[in-house]
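Per Swiss-Prot, the feature active site, N6-AMP-lysine intermediate maps to Lys124; the stated evidence is sequence analysis. What Swiss-Prot lists as NAD(+) binding site is Asp43, Tyr44, Glu45, Tyr46, Asp47, Ser92, Met93, Glu122, Arg145, Glu179, Lys295, Lys319. For Cys413, Cys416, Cys431, Cys436, the entry in Swiss-Prot reads Zn(2+) binding site. What Swiss-Prot records for 597-675 is domain 'BRCT', and it gives sequence analysis as the kind of evidence.
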Amino acid sequence: MSLPKKLEEMQVEEASKLAQNLREILDRWSKLYYTKDAPEVEDYEYDEKYADLVALEEAFPEIITQDSITQRVGGEILEGFTKVTHTEPMLSMGDVFSRDELVEFDNRIQKNVGHPVDYNVELKIDGLAISLIYQDGELIQGSTRGDGNIGEDITKNLKTIKSVPQKLTRPLSIEVRGECFMPKASFAKLNAQQLEDGKPVFANPRNAAAGSLRQLNTNVTKKRDLDTFIYTVVDSNQLGAKTQHQAIQMMAELGFNTNPTQEVCANLDEVWDYIAKYEGQREDLPYGIDGIVLKVNDLSLQQELGHTVKIPRWEIAYKFPPEEAATVVRDIEWTVGRTGVVTPTAVMDPVQLAGTTVSRATLNNVDQLTAKDVHIGDTVLLHKAGDIIPEITRVVLEKRPVGISELDIPTHCPSCGKELVHLNGEVALRCINPDCPAQIVARLEHFGSRNAMNIMGLGPKQIQQLYAKNFIHHFDDLYKLTSEELSQLDGFKEKRVNNLLEAIDNSRKNSLERLINGLGIQGVGTKMARTLAEKFGTMDNLMQTTIEEFDAVDTIGETLANNLATFFQSDVAQNMIDELKAVGVNMEYLGVKPAESPDGYYKGKKVVLTGKLEQYTRNELKERLISLGADVAGSVSKKTDILIAGADAGSKLTKAQALGIEILDETEAIAKFEQ
C-alpha cells in the first residue's frame, strides 16, 4: 500500500490511522518471516509497507507508539531465542546527508576538544549489527542488537559463519562488535534457489541477512553464506590500542574479518575524497553499503566526548544520496479517502531502488499526474524521497511507446459512481456523496483509531467486514454491536470478541478531545481537537459556538472557524451527536485545562519529543507535558525551548544542538515534573 497523498497534505489523525493499520500488518508478516521462515507475502510488499510506516512516523512523531515495529532497533525478541542484556548499550549513530552537515559535526568536535582531529573513515555496511564475546580466546556468546539494551542470543547461528573465529590467536577476554551481511553474489545465489523452490525472493541483501541470522534452525543459517566485518572493541584497553585505526588492525591480527578500506583522514577535504571514491565504486563492491562512517580516531578523545543516551558524540554516518531506477508504469489506480479525496497511484514493474523493491508510487493528485505527464506504458525514473518514499522523478519521453493512450482522469467516483468535483478551487478531485461506501468505511476506521476513540482490536479489516455485513454504517452502530455479530469476523473466537466488546465499551468514557478528533472535521487533528476541548469544555458548548467565537481562539483561523461552525450547526452533526449521546459516549473534557496547569518547569514552554522512550509511550508523555502547561510541537525550530530525546534520536537532535536548545533525556525530563 502506497501512501494516499503527500505527507505535508495529511492531517495527523489520517496519518495515525494509516500507521496503526501498517503496524498490525507488519507485525503479523514479521512474525511469520522471522520465527517460522514462512513469509506470507513477498519481501518487496513488506518493504513497501515498512517504508510507508517509517515515513509517517518521521513526519508525525506524535503518532509513534512504543510497540511500533520501527521502534525495535533490531526487531522483536523472538520466541525461541534467549534474551541477552548487553554489557554496554549497542547505540545507534546520528545521520547526516550533506557536506554542510559534516562541517557542523566537525565544528562541534573541534569546539569540544579544542583542536582539529583525525578521523578514521569506514564504509557503512548494510547489514545486521552483532556482538561477539570471548573468554580466554573462546567464543562464548554472540547476539543481535535487539532494542539496544537487550538482544537475542544467536551464538549457535553465528558459529556457522566462516568469518566468525571460534578461537582467537591470543587468549583474550573481550567483546567486539560489527556487522553481519550477505555478499551480493550469495544474495543472487539465494534468490535463484528461492525461485527454483517456488518460494518468494528476498527484496535485498540486508533483509536476507537478517532473516538468515535470526533462524531457529541453524542449518538454514549455515546454508545462507553470511559474512562479517568487525569494527569496534567495547574496551579498547584490552588491546592496548591508542586509535580506532590501530584497534581495527589489532582485531584483524586476532583473527577477525575487518574491512581493509578504512582510512585515516586529517581533514574534511580528505573525508570528502573518500566519500566520492566509494560512492563511485558502490555498485562494484561485493557487498552493500549505504554510506560511510566518520569516527574520531583518537580513542582517548572518544572517551572524552562520550555519548548521549542514544548516540555517540564522536561518530556520525554520512548517508549516500538516493538512487534512481527506471521502470514501466502498468496501471494507475484511483483510491477514495475519508474526506472523499480521490488519489492516483502508479502501479509499476517491480524494481530495486535504494535497497528495496518498489512497485507503487503515489502521484498525490491530478495536477501532479498531469504535470509529470505520466501515462500507462511510460518508462519513468524513480527515486526515494528521504530514501524512504518512492517518487516518480520524470517520464523518459524518448522511450514513450508510439500511440500511447491519453490520460484517463476519472469523472466519477470509483467507489460509488457519483460525479467527482473540485471544491473551492482545490487541486484534489473529490467525491461529495456522504453515502459513498469507501468514505463511510474510512470514516469508521478513523473514528476507532488510536488517536481518536482508540478502540483496540478494531482495525481496517474488521471495519470493512462489519460494513460489508451491514452491521455498521454510523458511528453509534459500533456501540450496538453484539457478540453474535462480532463472532462472524475472521479469526474472532470468544476471547477476541469479548476483548473487542470491552474496548468499545471503554471508549465511551474517553475525554471529549478524542471524540472531536474521531468526528473527522476537516482541518481538525489531534492538537486542534484538544484545543477545542480545553477551550469549550463540552460538546453542547461547541454545538452553540458561532464563527466569530471560534475565530477568536488564537490558533483558529477564519477558514477553520467557518468549517467548525458549519459542521457543529449542521443537522447531520446534531443527529450524529444525539445518536452518540444515546449510546452513552462521554461529551465532556476530562483533562486539565491550561489555566489550571501548575506553575512548574514546563509551564508555557514549547517542547518537542524525539526518539524511543522507555518509561512512557510518546502519547503518554505528551499528555503529561500538556497537563503541566507545555505546548508540545512536532518539529524543532528557533521557538523550541526543550527537546526531550529518547534512544535513536536523529535529525531533530542534531538541529536542536545546532540551535543551542535545551536537551533532556527521558529521565531528566521526568525529574523536572515536580519542579
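Including glycine, each Cβ sits where the backbone N, Cα and C put it.
Structure with Swiss-Prot features highlighted.
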residue	record	Cβ within 10 Å
Met93	NAD(+) binding site	18
Lys124	active site, N6-AMP-lysine intermediate	21
Arg145	NAD(+) binding site	23
Lys295	NAD(+) binding site	23
Cys413	Zn(2+) binding site	23
Cys416	Zn(2+) binding site	17
Cys431	Zn(2+) binding site	25
Cys436	Zn(2+) binding site	20
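DSSP assigns Met93 (NAD(+) binding site) to coil in the three-state reduction, placing it in neither a helix nor a strand. Checking Cα-Cα distances from Lys295 (NAD(+) binding site) against the recorded positions (Lys124, Cys413, Cys431, Cys436) with a 10 Å cut-off leaves nothing; none qualify. Taking the Cα of Arg145 (NAD(+) binding site) as the reference point, the closest of the recorded positions Lys124, Cys413, Cys431 is Lys124. Annotation note: Cys436 (Zn(2+) binding site) sits in a coil segment as assigned by DSSP. Within 8 Å of the centroid defined by the CB atoms of Cys413, Cys416, Cys431, Cys436, the record's Zn(2+) site, lie the Cβ atoms of Val336, Gly340, His412, Pro414, Ser415, Gly417, Lys418, Leu420, Asn433, Pro437, Ala438, Gln439, excluding the listed residues themselves. Across the domain 'BRCT' (597-675), DSSP assigns 28 helix, 17 strand, 34 coil.
In three-state terms derived from DSSP, Lys295 (NAD(+) binding site) belongs to an extended strand segment. Across the structure, Cys413 (Zn(2+) binding site) and Met93 (NAD(+) binding site) are spaced 47 Å apart at their Cα atoms.
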